[in-house]
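S.K.: Before I ask anything, let me first share the structure, which is written out below as structure tokens.
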Amino acid sequence: MSVKETCLICFEDIDVARMLSIGTCQHKYCLPCLKHHVEINLQGGLVAQCPHKDCKCEVNVDSCKTFLSSELANVLIERIKESLIPVTEKVYCPFPRCSALMSKQEVLENTKTSFVGEGGRKCVKCKHYFCINCKVPWHYDMSCYDFQRSETYSCVEDQLLKSFASKKLWRQCSKCNHMVELDSGCYHITCRCGHQFCYNCGAEWKNKQATCSCPIWDEHFIIRP
């Protein structure tokens, strides 16, 4: 008879050969539960830790590659890289088609042989030049001071906010323009200004009723890892 072990997430008795660990801690769970745990964390912008109580061991990329799609495996690699770079050292390429994450030291090393003005840096991925001070593609014909006083800078800042909000799946209140992030709960949002709307599509709620046909909730925001 095969030896079985109980998965402490679903409490099913699973063949030990089908139990996996996602870190160096050796706490093992069944494949479907681990896959769901890692994917839910990635969707929330986090790097999953071992689900065992009080265990702080983070996932191992090689272990997760056995059950994640290649796309999600690459997202996991980026999340881990992001978690290792201190917030004050993070630099993102401002070109929308790239958006590569780098550390300030990394991007400085990559620009050493380039002749650009103060603040000019070269992206390690797409190789395009950008301004690390203004966080925009390199402004060849003006200084950072002049650029930040221009109308162009104001427009770029608005575009960056909208781009960032889109990546993070934030929703903007149509009444006060405040950005709202759904951490957990249903799609029925009450903004700090009192306006009620659907987080999924932005449609207004009237008389405590939705005016859209969106689902009221998604299990990813209800069932927390």
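Each position is counted from 1, following the chain as shown.
Positions of Cβ are set from backbone N, Cα and C atoms, glycine also.
Sharing the features that TrEMBL gives for it:
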DOMAIN    3-218  domain 'RING-type'
DOMAIN    7-51  domain 'RING-type'
DOMAIN    173-216  domain 'RING-type'
S.K.: Considering every residue in the domain 'RING-type' (3-218), what is the mean pLDDT value?
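M.R.: Across the domain 'RING-type' (3-218), the average pLDDT comes out at 83.
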S.K.: Let's see if you can do this one: DSSP helix, strand and coil counts over the domain 'RING-type' (7-51), in that order.
M.R.: 16 helix, 8 strand, 21 coil
S.K.: So, by DSSP, how many helix, strand and coil residues make up the domain 'RING-type' (173-216)?
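M.R.: With helix first, then strand, then coil, the domain 'RING-type' (173-216) has 0 helix, 13 strand, 31 coil.
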